[in-house]
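K.L.:
These came from TrEMBL, pasted as-is:
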type     : residues : note
DOMAIN   : 225-277  : domain 'DUF2179'
TRANSMEM : 12-29    : transmembrane segment
TRANSMEM : 49-70    : transmembrane segment
TRANSMEM : 82-104   : transmembrane segment
TRANSMEM : 110-131  : transmembrane segment
TRANSMEM : 152-170  : transmembrane segment
TRANSMEM : 176-194  : transmembrane segment
């Protein structure tokens, strides 16, 4: 027996990850963005901008009002599970924001923008990987991803570029530029965190001992492989090409197995962007 995963995608595991990601996001905003008066991105940024330009309702109330129709649409087009996870993420983020008392001591505005972008982007990515969201623009971005395959980071950055273009009217130029840097870093970090756990190496092995190597890969690495019939172009010799997908930790061990069995093997390694299905990560359906 192989291909057993230690971590299953249960409701409780998703809730743990959503909680962790939401706390990371709240700490970044409360501990870095707020003390530096950065303009927040996304729907909360739109709420803040509306408040500063009109002086009507508080940003929190505007954000809540804007979220209600988005949550309804998200529930109709995505799933009830997504809505429930998102409500939980919003509650955790709100509680963590209210309870976290510290300011992270970063004086330089650029360093603060980069740090906040990394932490908040990683937190948002963890929440999204766990089939939830932090509400607001996340819902719109996920709908665009599901229907048009537009990357989440691209959706965020496009929306925020428009937001910050308008923000130059109401805010200091240096502050807006630092905020744009923060959002760009957050978008890139979120995209990376969404794919980093799916990245694997695909390995092609051309060897006269392909069957023996395949058996050792199963026994010693707990991974299967595919044997592909092939013919050498020069000598017209029939042989098998072994293809397998592994992680970085297993790569050196696989190399040792291959060249121990056949020192004349051809060992080809390629990077992958994402691997889903079988014993690897499940496809995320929001």
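Heads up, the Cβ atoms here are built off N, Cα and C, so glycines get one too.
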K.L.:
Name the range, of those listed as 12-29, 49-70, 110-131, 152-170, 176-194, that has the largest tally of Cβ pairs under 8 Å with the transmembrane segment (82-104).
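P.N.:
Most contacts with the transmembrane segment (82-104): 12-29.
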K.L.:
Which stretch, 110-131, 152-170, 176-194, tops the Cβ pairs under 8 Å count with the transmembrane segment (49-70)?
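P.N.:
Comparing 110-131, 152-170, 176-194: 152-170 has the most Cβ pairs near the transmembrane segment (49-70).
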K.L.:
Please list, for the domain 'DUF2179' (225-277), how many residues fall into helix, strand and coil according to DSSP.
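P.N.:
Tallying H, G and I as helix, E and B as strand, the rest coil: 14 helix, 22 strand, 17 coil.
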K.L.:
Can you give me the average pLDDT across the domain 'DUF2179' (225-277), rounded to a whole number?
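P.N.:
Summarising the domain 'DUF2179' (225-277) by its mean pLDDT gives 84.
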K.L.:
Which sequence positions outside the transmembrane segment (152-170), separated from its termini by at least 6 residues, show Cβ-Cβ distances below 8 Å to it?
P.N.:
39, 41-42, 45-46, 49, 52-53, 128, 137, 140-142, 144-145, 176, 179-180, 183-184, 186-188, 190-191, 194
